[in-house]
Structure formats: C-alpha cells, structure tokens
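Student: The structure's right below; bear with me while I get my questions together.
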Amino acid sequence: MSKKLHIKTWGCQMNEYDSSKMADLLGEYQGYTLTEEASEADILLLNTCSIREKAQEKVFHQLGRWKTLKDKNPNLIIGVGGCVASQEGKAIKDRAQCVDIIFGPQTLHRLPEMIEQVRRGDKAVIDISFPEIEKFDRLPEPRAEGPTAFVSIMEGCSKYCSFCVVPYTRGEEVSRPSDDIILEIAQLAEQGVREVNLLGQNVNAYRGATHDGAICTFAELLRFVAAIDGIDRIRFTTSHPIEFTQDIIDVYEDTPELVSFLHLPVQSGSDRILTAMKRGHMAIEYKSIIRRLRKAREGIQISSDFIIGFPGETKEDFADTMKLIEDIGFDHSFSFIYSARPGTPAADLPDNVDMEEKKQRLAILQDRITQQAMRYSRHMMGTVQRILVEGPSVKNPMELRGRTENNRVVNFEGQPKHIGTFVDVEIVDVYTNSLRGVFIRGEDEMDLRRSLRPAEILAKRKQDDELGVTQFKP
C-alpha cells in the first residue's frame with residue numbers, strides 16, 4: 001500500500017510554492033503520494049501564514065481537528081511549517097501535543113530527516129532556523145505541472161515595514177545564485193512550461209551570485225530568463241517601490257516576454273501613514289515609478305496591496321489613498337483591514353480607528369477598484385488578446401481556459417491540442433471575474449521566438465551614476 005501525504009496550505013504564493021516542494025521532496029525521497037483526504041494520510045503537514053488576523057488561533061483549530069485523526073491512528077505524523085511555525089516555535093507543541101514536527105520556511109528541505117527522527121522515537125522535532133540558501137540545494141529537480149510554473153528566486157525581506165512579520169518569520173533577504181535559477185527554468189521549459197512567475201518577498205531586491213563571482217541584478221535576471229528558449233512570458237511577485245529602479249523599468253521597454261501587468265504594493269496613499277508604516281517612500285515617488293513604467297510600456301496595468309485602518313488613519317489619510325487609486329487607475333487589489341501582528345513595531349501603536357469605520361472604508365476602496373477593473377475589461381471588448389491556454393474551463397470542461405497578459409481569465413471554445421500553447425482570441429463578452437473569447441489563430445501562425453546573447457544583456461547593466469527611484473522628475 002502506498003504511503004499518503006496530505007498538505008494544507010494557507011497564505012501567499014510563496015507558501016504554495018513551498019508546499020509543492022514538500023510534496024516533491026517526500027515523493028522522491030520517501031515514496032509519498034498526495035491525497036486530498038486527511039483521513040487517508042500517513043503524514044499531515046500544515047503550511048501556515050501569519051499575515052492575517054488570528055493566524056495562530058486558526059492553526060490550533062485545525063490541529064484540534066487533526067488530533068481526532070491521531071487519536072484513531074497513533075502512528076500518524078503531524079507537522080506544522082510556515083510563518084506561524086517560525087513565530088511560535090515550541091509554543092505550538094506546548095499547546096498541541098499531537099504535533100510531531102515544527103519547521104520553518106527555510107528548513108522544509110530537512111523534512112525527510114525530521115520524519116525519520118520521529119519514527120525513531122523523538123517526541124518533538126523543532127527546526128525553525130534560517131540556514132540561508134541551503135534549502136534550494138537540497139530540493140529535487142523541478143517538475144512541471146502545466147504550462148505555467150512558479151520559481152522562487154530569493155527568500156526573506158530586509159525592509160522591516162512596521163506592520164509586517166516577514167523579516168522575523170522568513171529572515172532577511174537572501175538571493176539564489178542566478179545560474180541555479182536559470183537552470184531550473186530551462187529544465188521547466190524542456191517540460192513544456194511557457195510562463196514563469198518569479199517569486200520572492202521583494203524580488204526587485206534580488207542580487208544573486210554568478211558562476212564567475214559577479215552579482216546578477218534583478219533586471220539582468222529578467223533578461224536572462226527571457227532568453228531561455230521556450231519561455232514566452234514572465235511574471236514576478238512581489239516588489240517594493242523603493243527598489244523599483246530604472247534598470248528594471250528599462251526591461252519593460254525592450255523585453256516583450258515580460259507581461260504588461262505589475263503588482264506593486266503601496267499600502268496607503270497618505271504620506272503620513274506611509275511614514276508610520278516605515279515604507280521608505282512617499283506617494284509622489286510611487287506615482288513617479290508608474291509614470292516612468294507607462295512611458296516604457298504603454299498600456300501596462302497595475303495592481304496593488306492596501307491596508308485599511310492602520311493605527312491613526314484619519315478620514316483625510318483615507319481620502320489620500322482614494323486619490324492615489326484614482327490617479328493610478330489600479331486594475332486590481334489585495335486590500336485588508338489592519339490587524340496587529342505580535343512582535344512588530346506597529347503592534348504597540350494605539351489602534352484608535354473604529355472597526356465599523358474600517359469596514360466602511362474597505363468597502364468603498366474595493367468598490368472603486370472593482371469599477372476600475374470592469375472599465376478596463378470593457379475596453380478589451382472587440383480586441384484580439386493573446387492567451388496562454390492552461391486547461392479546461394472550470395465551469396464548462398468542454399471549453400478551454402487561458403489567461404491574458406493583464407491576468408484576466410478567458411473562456412473559449414477550442415481544441416484540446418491548444419492546451420499548453422498560445423492562441424489569439426477576440427474578446428466578445430465581459431463578466432465580473434472572466435472574459436469570453438472566440439478563437440482566432442493558433443501558435444503555428446505566430447512568431448514567438450527571439451534570441452539574445454548574454455553579452456548583450458550584460459551591456460545593459462546600469463551605470464553607477466544612474467538615478468535611483470527616489471528621484472522625482474515631473
């Protein structure tokens with residue numbers, strides 16, 4: 001009988017990526033296969049997120065449900081990973097005796113050894129250290145699961161925004177060597193991947209070592225990835241405005257593989273609140289980035305993150321945020337009511353914004369951005385859009401589903417042979433969460449390939465006297 005593994009994942013795309021690597025790791029080295037049913041599993045892993053409110057309580061509620069399974073099967077192994085594990089450590093075991101393993105985002109590669117320790121009789125195995133880049137050296141070779149793939153290029157964050165736990169739970173910024181990233185993406189391309197999404201808490205801070213001892217910037221990495229045969233689309237998430245430098249903007253001007261869509265968190269449009277958040281920039285500097293981006297890539301669409309009701313946020317501060325939303329014309333957002341994260345500087349600030357007021361502000365903000373997104377979608381009516389076909393439509397398996405450059409799902413009638421390829425469709429209808437298209441042409445009628453020598457990429461390296469992001473030019 002095959003051994004079964006069940007993984008429950010909460011949180012960001014980095015967590016989704018980590019969970020997929022856990023499955024690959026335990027599948028390759030210990031023969032486990034994934035199951036959707038926790039009751040069937042020999043190992044239960046909970047990959048946690050500490051961003052949202054009451055994250056710890058959510059973990060213990062889930063562990064309470066899993067305890068009933070362990071009561072029936074004492075050999076069941078339960079592990080808790082992710083950011084809550086890093087934050088709470090041994091306190092998880094103290095409160096939930098059913099837990100056998102506690103591991104952080106940087107130690108998931110040690111899971112096989114930790115499982116063996118439990119089997120040998122250790123009552124609790126805890127490893128929430130930050131061994132820098134060792135994690136990636138121990139993971140199995142990448143395995144494609146469709147035409148799109150996520151690739152982690154760095155870990156951690158060194159910005160220490162006053163509201164954020166990431167530097168404390170994932171450590172400071174550590175970049176993977178550029179050669180390792182390029183090799184991983186090339187291997188994925190050989191397996192049919194056409195679009196990669198480069199992941200990190202702050203990808204534009206990427207500074208990866210090269211084989212010759214130099215440092216590869218994020219802008220250079222983007223160009224190297226674009227030159228990999230078979231990779232026709234590149235996305236990345238997430239970025240920080242203070243390191244969105246001109247050399248990155250220049251890539252949008254000359255690298256068509258980089259999509260015309262950017263997620264760039266701003267959190268607030270109020271300079272006073274941005275200062276309290278320790279974001280390191282003002283609203284005008286954010287607008288300067290977007291202005292230069294739109295000069296480099298006409299029609300690029302922008303999404304962002306917003307925190308509503310940060311301690312001390314006044315009606316005037318919120319009005320500044322709404323003004324920024326109108327000025328930029330955001331296409332999408334992840335927006336949340338502020339909740340204090342234990343151990344962060346903002347947790348000590350008096351939370352003097354009424355909850356009902358926070359809810360009203362959130363509803364107003366989300367309604368405005370939804371209206372703007374629908375306006376963009378309606379402008380796409382009658383246009384021809386190139387989409388990467390990801391598979392059957394979710395609601396109608398007789399149809400196909402693809403995604404535009406600006407991250408919209410398009411459903412259309414097409415042949416199964418188009419899955420994993422690019423097609424052009426005409427947009428004929430607009431819905432709240434998707435578009436409808438009519439097939440126009442397949443990939444065999446397109447010219448998608450281009451080549452670029454490494455020397456040409458390095459020739460674009462920014463000069464020492466290049467102006468940084470904090471310089472505003474009207």
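Note: Cβ is positioned from N, Cα and C throughout, glycine not excepted.
Heads up, here are the entries from Swiss-Prot:
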DOMAIN    3-120  domain 'MTTase N-terminal'
BINDING   C12, C49, C83  [4Fe-4S] cluster 1 binding site
DOMAIN    143-375  domain 'Radical SAM core'
BINDING   C157, C161, C164  [4Fe-4S] cluster 2 binding site
DOMAIN    378-441  domain 'TRAM'
Student: Taking DSSP states H, G and I as helix and E and B as strand, how many residues of the domain 'MTTase N-terminal' (3-120) are helix, strand and coil?
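Tutor: The composition, in the requested order, is 63 helix, 25 strand, 30 coil.
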Student: What is the set of residues, excluding C157, C161, C164, whose C-beta falls within 8 angstroms of the centroid of the C-beta atoms at the [4Fe-4S] cluster 2 site?
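Tutor: Counting only non-site residues, the set is K159, Y160, F163, V165, V166, P167, Q201.
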Student: Fewest other Cβ atoms within 10 Å: which of the binding-site residues C49, C157 wins that one? Let me know.
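Tutor: Across C49, C157, these binding-site residues, the one with fewest Cβ atoms within 10 Å is C49.
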Student: Other than C12, C49, C83, which residues of the same chain sit close to [4Fe-4S] cluster 1? List them in sequence order, counting a residue when its Cβ is within 8 Å of the Cβ centroid of the site.
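Tutor: Result: W10, G11, M14, N15, T48, S50, I51, G82, T169.
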Student: In Å, rounded, how far does the Cα of C49 ([4Fe-4S] cluster 1 binding site) sit from the Cα of C157 ([4Fe-4S] cluster 2 binding site)?
Tutor: 15
Student: Give me the DSSP three-state residue breakdown of the domain 'TRAM' (378-441), ordered helix, strand, coil.
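Tutor: Looking at the domain 'TRAM' (378-441) with DSSP, the answer is 5 helix, 33 strand, 26 coil.
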Student: Could you state the whole-number distance in Å separating the C-alpha atoms of C164 ([4Fe-4S] cluster 2 binding site) and C83 ([4Fe-4S] cluster 1 binding site)?
Tutor: 12
Student: At the Cα level, what's the spacing in Å between C157 ([4Fe-4S] cluster 2 binding site) and C83 ([4Fe-4S] cluster 1 binding site), rounded?
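Tutor: Each residue's Cα considered, C157 ([4Fe-4S] cluster 2 binding site) and C83 ([4Fe-4S] cluster 1 binding site) end up 13 Å apart.
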